[in-house]
Amino acid sequence: MARYAALAALLLAVAVGGAAAQGVGSVITQSVYASMLPNRDNSQCPARGFYTYDAFIAAANTFPGFGTTGSADDVKRELAAFFGQTSHETTGGTRGAADQFQWGYCFKEEINKATSPPYYGRGPIQLTGQSNYDLAGRAIGKDLVSNPDLVSTDAVVSFRTVIWFWMTAQGNKPSSHDVALGRWTPTAADTAAGRVPGYGVITNIINGGLECGMGQNDANVDRIGYYTRYCGMLGTATGGNLDCYTQRNFAS
């Protein structure tokens, strides 16, 4: 019996260890993750030690379609877009510096905690507002309205909230997942508003009210810079329509 128990334990360990080698982990390996986010554990970053690779993989594995859908290029482009957007949201980089796009995942909370407290920005997407905390919590089975700090204290929960946001269409906004995979077809209203398929409309989904339809701006440049770097690292093309400079936001 002891021999069988030991064998079962070994097989379980192999299965757990092999989880990262499947799905998202086959593209975003631990070494790739470390190279993409080389300063996430820098002593200057308030989030140091929080955004672990294991937490990302554990969260990703609860959304089977995330980073696993379509062709090899589709998968790489979606993951580059995901990390491009979330790296901007959590950046500790200095605009114009040589290493500007190497400081993703430096923050886990909004710096001044002034937007919709206690539901201010937390996690890789800087989840904000009671409605988003409620919807995300319901989707992942956590009461984030009563305990919003889970998003900045439990790394798996934190990653699950951003992947939920990424995968979920809301109102007249498509999901970032569908846009990244080229599966979104603009409506007549979208076309009239200048919203076209490409990375730029993902920026519009996330923060269009502050960044879109106002010409070139530093936030767009930063998002594009991270995305371009990650596409290069993963060996895929960026595609077109990277900015939302001339797009009206979805609420207009």
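Placement of Cβ uses the backbone N, Cα and C atoms for every residue, glycine included.
A TrEMBL annotation is a machine prediction, not a hand-curated record.
Just so it is clear, the model here is predicted, and its values are computed rather than measured.
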Of the candidates Cys231, Cys244, the one sharing a disulfide with Cys212 in TrEMBL: Cys244
Distal contacts, the domain 'Glycoside hydrolase family 19 catalytic' (45-67) - CB-CB under 8 A, six or more residues away: 19-20, 23-25, 27-28, 30, 33-34, 37, 39, 75, 78-79, 82, 90, 92, 103, 105-109, 124, 140, 152, 155-160, 163-164, 166-167, 177
Minimum Cα separation from Cys244 (disulfide bond), reported as the residue among recorded positions Cys45, Glu89, Cys106 that achieves it: Glu89
Least Cβ-crowded entry, counting other Cβ within 10 Å, from the disulfide-bonded residues listed as Cys106, Cys212: Cys106
Rounded distance in angstrom between the Cα atoms of Cys212 (disulfide bond) and Cys45 (disulfide bond): 28
